[in-house]
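Peer 1: Structure incoming, see below.
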Amino acid sequence: MDQKVGLFILLAAGLLCLSLTPVSRAEDLVEDGLGDDVDVEDELDLGLAGAEEEDLEDLEGDAQDEAPPVTYKAPEPMGEHFIAESFDRGTLDGWVISNAKKEDTDEDIAKYDGKWAVEEMKDSKLPGDKGLVLKSRAKHHAISAQLLRPFTFDTKPLIVQYEVNFQLGIDCGGAYVKLLSQTPDIDLDQFVDKTPYTIMFGPDKCGEDYKLHFIFRHKNPKTGEYEEKHAKKPDADLRTYYTDKKTHLYTLVVNPDNTFEVLVDQTVVNSGSLLTDMTPPVNPTAEIEDPDDQKPEDWDERPKIQDPAASKPEDWDEDAPAQIPDEDAVKPDGWLDDEPEYIGDPDAVKPEDWDEDMDGEWEAPQVPNPACETAPGCGAWKRPMIDNPNYKGKWKSPMIDNPNYQGVWKPRKIPNPAFFEDLQPFKMTPFSALGLELWSMTSDIFFDNFFITDDRNTAERWANDGWGLKKAAEGAAEPGLATQMLNAAEERPWLWVVYVLTVALPIVLIIVFCCTGKLTDGSLPRGKCSDETI
């Protein structure tokens with residue numbers, strides 16, 4: 001009896017937790033994304049609190065029809081920043097669309113003529129929230145904006161963040177930004193793929209290759225030439241960010257101690273050191289192989305050789321066949337020696353157009369001999385072949401360790417004439433503009449809330465005021481638990497079995513608990529229930 005009570009209580013607690021899932025989910029959304037400027041009614045916390053007492057239809061209606069609105073308010077930059085762009089003015093003021101042509105490209109597609117627009121998302125959950133939208137497919141796009149002042153890598157970190165929503169998904173294309181290097185001749189009107197940049201950061205996808213770039217251009221202190229350094233690939237699965245059609249926040253943090261972090265939705269997905277986690281490495285090796293060194297002609301790299309002292313045994317027969325007839329075999333009874341395995345088809349008729357002068361003498365096609373169907377075999381019987389126990393094959397000398405083995409030859413090491421040691425790769429080239437230079441096979445990529453700062457708290461405040469609102473609004477607009485369960489069952493029909501068992505099992509346990517307890521004075525006979533009990 002005690003075990004039944006415990007099981008019943010455990011099951012009831014589990015069902016209660018399941019019914020409260022939408023409430024905790026809504027609370028998380030509010031805590032993560034909403035601030036003092038968000039007008040969210042108390043029903044978001046309380047409207048679903050009694051869901052465990054209603055049926056699936058009522059739960060679905062409450063979750064979808066009575067979700068409270070989230071009021072949009074444009075984020076306002078607070079604290080030190082170098083650019084803060086929310087596009088809520090509804091214009092491209094301050095942004096320059098490139099009029100350049102891409103070199104080494106067919107004339108038909110060389111021009112940067114992809115269209116840009118400032119508009120709301122197609123399925124916006126926040127009326128009034130605008131962003132920058134890449135409108136064309138299969139076009140080159142380039143747009144950029146000057147920073148309030150150049151960013152210089154000194155004693156404070158660099159923090160870059162912005163939002164992306166692949167409204168139509170993404171087949172092949174990028175959504176990364178470039179931090180354009182400060183140069184005397186920078187011309188945003190002629191922004192192209194070869195315009196010098198300091199850092200490139202953001203998502204990129206083609207086929208099933210999901211990337212999240214962090215690339216910086218490092219200046220060789222000896223030659224003055226620049227080389228791209230690519231961060232290691234994230235271990236996290238990035239697929240969802242490209243396919244769920246939600247707005248995601250991409251953040252790059254580069255610290256003066258040469259460490260870096262890449263975050264998506266304020267969660268770290270990649271981190272490391274500029275000194276040890278970039279490809280190719282920032283610093284070359286101190287030694288290299290001598291390109292002029294050559295392997296000596298008498299260098300012996302053979303670890304094993306044939307034994308020169310070995311000789312073939314006198315009884316070694318190299319001519320013995322690998323297989324011989326089985327002398328113990330006996331022809332099966334009933335074998336038809338005089339019957340061929342195949343005979344001419346007795347029903348075949350020579351074609352009327354057969355010309356014996358041209359085609360030769362006509363012969364009926366061969367078919368299996370029906371007389372052999374019940375016999376163990378037909379034709380001349382031959383003994384089956386078996387492996388020859390005396391077969392040894394061609395004799396070869398056994399292998400022994402090479403007494404003259406010198407190992408695998410390698411060129412000698414010499415000092416690397418190109419060696420240098422840069423222990424502060426964080427001190428990159430200053431940059432003065434932010435740009436997007438993209439090609440995409442999918443249109444309507446939504447960008448919003450570009451922000452560059454050297455203060456992490458300032459960046460988090462901007463993120464909460466901008467992306468946090470989108471996260472809360474998207475979460476409030478998501479279907480209720482019942483709808484999610486129905487949608488999941490449509491994709492995976494076997495879930496209906498789980499749902500039925502989830503409902504039926506508690507009913508069965510309640511009946512067992514109420515009707516099969518221990519008898520007490522005045523109780524009903526075992527196995528029966530009174531109306532009051534039920």
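The backbone N, Cα and C atoms fix where each Cβ goes, glycine too.
Note that TrEMBL annotation is computational and uncurated.
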Peer 1: CYS206 has a disulfide partner in TrEMBL; which of CYS172, CYS372 is it?
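Peer 2: Here TrEMBL pairs CYS206 in a disulfide with CYS172.
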Peer 1: Under an 8 Å Cβ to Cβ limit, what residues of the same chain, 6 or more beyond the ends of the compositional bias 'Basic and acidic residues' (293-305), are close to it?
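Peer 2: Counting only partners 6 or more residues beyond its ends, the compositional bias 'Basic and acidic residues' (293-305) has Cβ contacts under 8 Å with 399-402, 404-409, 411-412.
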Peer 1: What is the Cβ neighbour count of CYS206 (disulfide bond) at a 10 Å cut-off, with all protein chains included?
Peer 2: 15
Peer 1: Helix, strand, coil residue numbers for the compositional bias 'Basic and acidic residues' (293-305) per DSSP?
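Peer 2: Residue counts for the compositional bias 'Basic and acidic residues' (293-305) by secondary structure: 0 helix, 2 strand, 11 coil.
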Peer 1: If one looks at the chain holding CYS172 (disulfide bond), which residues at least 6 apart in sequence have a CB under 8 angstroms from its CB?
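Peer 2: CYS172 (disulfide bond) has long-range Cβ partners LYS205, CYS206, GLY207, SER440, MET441, THR442.
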